[in-house]
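Worksheet for the structure shown next.
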Amino acid sequence: MTIIAPSILASDFSKLGEELRSIDEAGADWVHIDIMDNHFVPNLTFGPPIVSMIRASTKLMFDVHLMVEKPETLFLALKAAGADRVTVHPEACVHLDRTLTQIGELGIKAGVALNPHTPLSVLEYVLDKVDLVLIMTINPGFGGQSFMPSMLPKLRQLREMLKRHGRDDVYVQVDGGINRETAALVKEAGADSLVAGTYIFNHPNRREAIASLR
Ligand code: DX5
Ligand code: ZN
C-alpha cells in the first residue's frame, strides 16, 4: 500500500490546524513537514515551536524533512514537539552515521534524503540505521517545481540496493513535483511513500487528490 504524505509547505500557514484536519479527513497517511533554514536551502519556513503547536490537530504521523545545516541541534526539540521521523540530508551532516545514531537513540525513526545529484553510494554503510530513504525529485527549497524524470532510474537502483542488503522494509519516498501522472511513474519505479504539496493542497477535492495518488 502506498503511503501518501501531504507536504504542508503548500498549505495556508494562517490556518495550519484546519489544514491538518482537512488532509486527515481526506485520507492522508502521514504529514510531511518541511523545515528550512535559509542556509542549506534558499528558503525559510518554521521550527519546532510550530511543529509542537500543530501536534494537537491530528494523530497522523509527523514525517519531518530537515533542510537545515547542523540538523542535530534540532533533534531534541523536534522529539519534544512530537516528530515521529526526522529525515536529514547527508551534505548537512559532517558525520552522517553519528547523526543517524543520535536520532535512533531518541527513539524516533531516521530517514536520509538524497538531492538529485547525490549518489546512492552514501547510503551503503548506514542502511541499518534508517527506516526511509527520500529520493528528491526536485532540488529542495520550494514547492511547485517540476518533477525530474531523470530520478526514475535512481529509484530503480535504490530498490535493487535495498534488496541486496535485505532491507525491503525501508520506505522509498519521493518528494517534488508529484501529481497524478508522476505518481504512476514513481510507483512503477519502486516508490512506496509519496510526498505531495501543491497537488493536494490546490486540488478542489483533497480526498480525490489523495486517492488519485494512491
Ligand atoms: C521542497 C520540499 C517539498 C515540497 C514539495 O524542498 O521538500 O516537500 O513541499 O512540493 P510540491 O509537491 O509542490 O512539489
Ligand atoms: Zn519535503
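Easy rule for this one: first residue shown is 1, then count along the chain.
Placed from the backbone N, Cα and C atoms, the Cβ positions cover glycine too.
TrEMBL entries are annotated by machine, without manual review.
According to TrEMBL, the feature active site, proton acceptor maps to Asp34. Asp34 (active site, proton acceptor) counts 24 other C-beta atoms within 10 Å of its own C-beta, drawing on all protein chains shown.
Among the features that TrEMBL reports, active site, proton donor is placed at Asp175. Asp175 (active site, proton donor) counts 26 other C-beta atoms within 10 Å of its own C-beta, drawing on all protein chains shown.
If you look up TrEMBL, you'll see Ser7, His65, Gly141, Phe142, Gly143, Gly144, Asp175, Gly176, Gly177 marked as substrate binding site. DSSP gives Gly141 (substrate binding site) a coil state; it is part of no helix or strand.
The divalent metal cation binding site annotation in TrEMBL covers His32, Asp34, His65, Asp175. In the three-state DSSP reading, Asp175 (active site, proton donor) counts as strand.
His65 are the binding-site residues among His65, Gly141, Gly143, Gly177 whose C-beta comes within less than 6 Å of an atom of ligand 2, given in sequence order. The number of other Cβ atoms within 10 Å of the Cβ belonging to His65 (divalent metal cation binding site), over all protein chains shown, comes to 26. Other than His32, Asp34, His65, Asp175, the residues of this chain whose Cβ falls within 8 Å of the Cβ centroid of the divalent metal cation site are, in sequence order, Ala5, Ser7, Leu9, Ile33, Asp63, Val64, Thr87, Leu134, Val195, Gly197. Around Ser7 (substrate binding site), the same-chain residues at least 6 positions away in sequence with a Cβ under 8 Å from its Cβ are His32, Ile33, Asp34, His65, Gly143, Asp175, Val195, Ala196, Gly197, Ile200.
Within the same chain, the residues at least 6 positions away from Gly141 (substrate binding site) whose Cβ sits under 8 Å from its Cβ are Met36, Val41, Pro42, Asn43, Met67, listed in sequence order.
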